[in-house]
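Comments concern the structure below.
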């Protein structure tokens, strides 16, 4: 492995360590009670296990499909199946989580993802397609049910609202940072060192998810969004749509999330071919671990920012989106400014090195994004339909990613990076609009649901 990879990894590691060691009381939320710390640590354990199951698979999905002999177009179709599944079934499972219970939804996530991992043992296209569909359903649950359970349980136990920021930032630092790094290195160990093949990380992921099921069943209590028996799924969908349409802050938040996450998931598909356009030998697991270390740096910065009550999330996130737009524009710039390499195979090119540093900067922005968007969602989204609305937000991002992946062979890779950069710039503009609204309004989630109830009561039931 080239020295360059160690330098980048070591550089980000040193910065993260320096940031963590230099934190003062001003940068931390301290003096939290024992019962909250126990609750927080239990959630962090579960979240870390869930993310270990997810991150172990990440660097090897594209690689596994290519090893089975599938081309870029067929792999793109498999990715489309996953995002399409998340789009079609996500809102349904989100509503079921609100109605049937978030704990039950979290266990369902584990079971569904374990089944998805099992399909990776078979090189048959239809079986792999089934696995992607199951993975799409699981992804919808991962990014809605767990957060919804946490927010509801936190409020039910009467903990201070600011302490949510601590749990969010720690969850991203551990689950999307440290655990992801260890998962990348562990996957690299399984595949490259022990030569167990690209399916080994998926088996390891299933083991972590099984442990997570045991912890959830033994230590979590159930909570619900709107458990009233007289509301079917259609009524829940309608209530969530009214909540989004009646408050510009929620609509803006959904648009911002869709633009950023759509670009992020497109990046997940693009980074491997971007760094090895001529089939260069690159250490996928180690690069993935480096990305996660950069994300860890971002979450460490976010924890400092969120600990300061005088600094609003809405304010600094517009800068984060602008930086992320610039980072994903780097492949476009290097395409015109750096002479391309025509040598097949070998080590990473000079252009690839520049892009890798830019991709790490983008991952740092991702690390800031997650706890920050979680904080804004906890402020603006009504509790009664939290999972439903969060999965509503995922519909446009899944459509965007599906369209990009469906046309993956029609556009050069720099065009797709350029599109992502534009979307991130738009997200920065929308974030500025959200900041202005937040400065002039006081968030009152209960009014959204009251508005929804009044509209539903006023309309005749034709069913």
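Cβ from N, Cα, C; glycine included.
Because TrEMBL annotations are produced automatically, they should be read as predictions rather than curated entries.
Taken verbatim from TrEMBL:
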TRANSMEM  6-22  transmembrane segment
TRANSMEM  43-63  transmembrane segment
TRANSMEM  75-94  transmembrane segment
TRANSMEM  106-123  transmembrane segment
TRANSMEM  129-150  transmembrane segment
TRANSMEM  171-190  transmembrane segment
TRANSMEM  202-221  transmembrane segment
TRANSMEM  250-274  transmembrane segment
TRANSMEM  319-337  transmembrane segment
TRANSMEM  349-370  transmembrane segment
TRANSMEM  391-407  transmembrane segment
TRANSMEM  413-430  transmembrane segment
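By the Cβ criterion (under 8 Å, sequence separation of 6 or more), the transmembrane segment (319-337) is not in contact with the transmembrane segment (129-150), since fewer than 3 such pairs are found. Stretch with the most C-beta contacts under 8 angstroms to the transmembrane segment (43-63), considering only 6-22, 75-94, 171-190, 349-370, 391-407: 171-190. Residues of the same chain lying 6 or more positions beyond the ends of the transmembrane segment (250-274) and with a Cβ under 8 Å from any Cβ of it are 58, 62-63, 72, 76, 79, 83, 243-244, 282, 284, 287, 291, 321, 324, 328, 331, 352, 355, 359, 362, 366, 369, 373, 376-377, 380-381, 389, 392-394, 396-397, 400-401, 404-405, 408, 413, 416-417, 419-421, 423-424, 426-427, 430-431, 433-434, 437, 448.
With a threshold of 8 Å between CB atoms, the same-chain residues lying at least 6 positions outside the transmembrane segment (202-221) that come near it are 42, 45-46, 49-50, 52-54, 56-57, 60, 64, 103, 106-107, 110-111, 113-114, 117-118, 120-121, 149, 153, 186-187, 190.
Residues 46, 50, 53-54, 57, 64, 68-69, 93, 130-132, 134-135, 137-138, 141-142, 145-146, 149, 199, 202-203, 205-206, 209-210, 212-213, 216-217, 220 of the same chain sit 6 or more residues outside the transmembrane segment (106-123) yet have a Cβ under 8 Å from a Cβ within it.
Among residues of the same chain six or more beyond the transmembrane segment (75-94), those with a C-beta under 8 A of the stretch's C-beta atoms are 62, 65-66, 105, 108, 128-129, 132-137, 139-141, 144-145, 233, 237, 265, 269, 387-392, 394-395, 398-399, 401-402, 405-406, 408-409.
Within the same chain, residues 43-44, 47-48, 50-52, 55-56, 58-60, 196, 200-201, 204, 283-286, 288-289, 291-293, 295-296, 299-300, 302-303, 366-367, 370-371, 374 sit at least 6 positions outside the transmembrane segment (171-190) and bring their C-beta atoms closer than 8 Å to a C-beta of that stretch.
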